[in-house]
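*Asks:* If you scroll down you'll find the structure; I have some questions about it.
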Amino acid sequence: MATMVAQKLSHLLPSLRQVHPEPQPSVHPEPVFTVDRAEVPPLFWKPYIYVGYRPLHQTWRFYFRTLFQQHNEAVNVWTHLLAALVLLLRLAIFVGTVDFWGDPHALPLFIIVLASFTYLSLSALAHLLQAKSEFWHYSFFFLDYVGVAVYQFGSALAHFYYAIEPAWHAQVQTIFLPMAAFLAWLSCTGSCYNKYIQKPGLLGRTCQEVPSALAYALDISPVAHRILASPEPATDDPALLYHKCQVVFFLLAAAFFSAFMPERWFPGSCHIFGQGHQLFHVFLVLCTLAQLEAVALDYEARRPIYEPLHTRWPHNFSGLFLLTVGSSILTAFLLSQLVRRKLDLDRKTQ
């Protein structure tokens with residue numbers, strides 16, 4: 001009897017296995033989203049950051065998936081991505097209150113919002129996708145620098161148009177916007193060149209930081225002059241507080257950008273959170289938001305001041321804006337081609 005039962009079970013088990021097959025191991029294992037610094041080329045290394053790097057030469061889908069993974073660029077991506085979404089919301093509010101089509105004095109306001117959204121979006125994209133390969137690392141950060149140049153000119157235009165005092169306008173009206181366009185392009189070129197030559201010493205910092213410092217000094221001069229010339233307390237000028245905030249936030253952002261703080265104090269402890277570049281992003285976002293509030297208040301409240309100043313333009317600011325965008329994109333493209341040749345040559349000599 002027992003033998004007959006065993007024989008029946010032996011015939012039944014194969015059929016059960018066919019109905020309920022055993023789970024097979026996945027042909028495509030879950031990808032590894034982060035690796036140690038030793039597993040990526042030195043080009044991708046960050047000072048004092050030893051883990052949290054993403055592997056190279058994965059699919060584009062892989063890098064887009066890392067938007068929702070922990071790695072050492074995640075905070076950099078999200079700070080500027082969320083800020084870009086906030087700017088879209090702010091633009092929607094502006095569209096409901098500002099006549100961008102009918103009011104000729106509203107165009108600089110639209111340009112500064114567009115420029116801010118551009119630099120935030122390109123920055124988020126660069127930090128998200130730069131780990132694809134050496135070539136794309138260079139190319140996306142070149143594009144990031146284009147966004148910075150666009151934002152620099154947009155800021156200069158908004159300050160010159162809405163925030164400037166008549167006394168300072170009389171001194172700089174013929175040179176301000178052409179110089180702002182040139183310095184924005186020079187800042188983009190210097191940053192791209194510094195990235196290309198990969199010299200961390202004095203030469204590299206000079207190429208990147210000196211043009212940017214000169215551009216900021218010119219761009220913020222209408223605001224600085226107004227702050228210094230205004231009586232204290234300026235209760236009748238609510239935009240002035242936002243202008244002061246944007247200056248403070250920018251200086252803090254510049255300090256964290258240059259000093260690699262606090263990761264230099266806690267090496268190996270700031271892989272995901274607490275990097276100086278992340279704090280640079282946060283303070284730059286705060287600077288941009290404070291700036292937009294100040295410019296919006298100036299657009300509404302200072303019309304009797306700025307309308308007479310801009311009845312006749314010595315320069316076409318829309319043309320200068322497009323020139324800044326076009327020249328910066330061209331510079332980034334040309335340097336990306338130099339990078340391609342350099343990488344191809346390195347592969348041939350290996």
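All residue numbers here begin at 1 and follow the chain in the order shown.
Including glycine, each Cβ sits where the backbone N, Cα and C put it.
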*Asks:* GLY102 and TYR162: same side of the membrane according to Swiss-Prot?
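*Replies:* Checking Swiss-Prot: the two residues are co-localised relative to the membrane.
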*Asks:* Counting by DSSP secondary structure, give me helix, strand and coil numbers for the topological domain 'Extracellular' (261-278).
*Replies:* 3 helix, 0 strand, 15 coil
*Asks:* Counting Cβ pairs under 8 Å that are 6 or more apart in sequence, does the total for the transmembrane segment (81-101) and the transmembrane segment (166-186) reach three or more?
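*Replies:* When sequence-distant Cβ pairs are counted, the transmembrane segment (166-186) does not touch the transmembrane segment (81-101), since fewer than 3 lie under 8 Å.
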*Asks:* With an 8 Å cut-off on Cβ pairs and a sequence gap of 6 or more, do the transmembrane segment (106-126) and the transmembrane segment (166-186) reach 3 or more such pairs?
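*Replies:* Taking Cβ pairs at least 6 residues apart, the transmembrane segment (166-186) and the transmembrane segment (106-126) are not in contact, as fewer than 3 fall under 8 Å.
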*Asks:* Which residue counts does DSSP give the topological domain 'Cytoplasmic' (300-318) for helix, strand and coil?
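*Replies:* Taking the topological domain 'Cytoplasmic' (300-318) as a whole: 11 helix, 0 strand, 8 coil.
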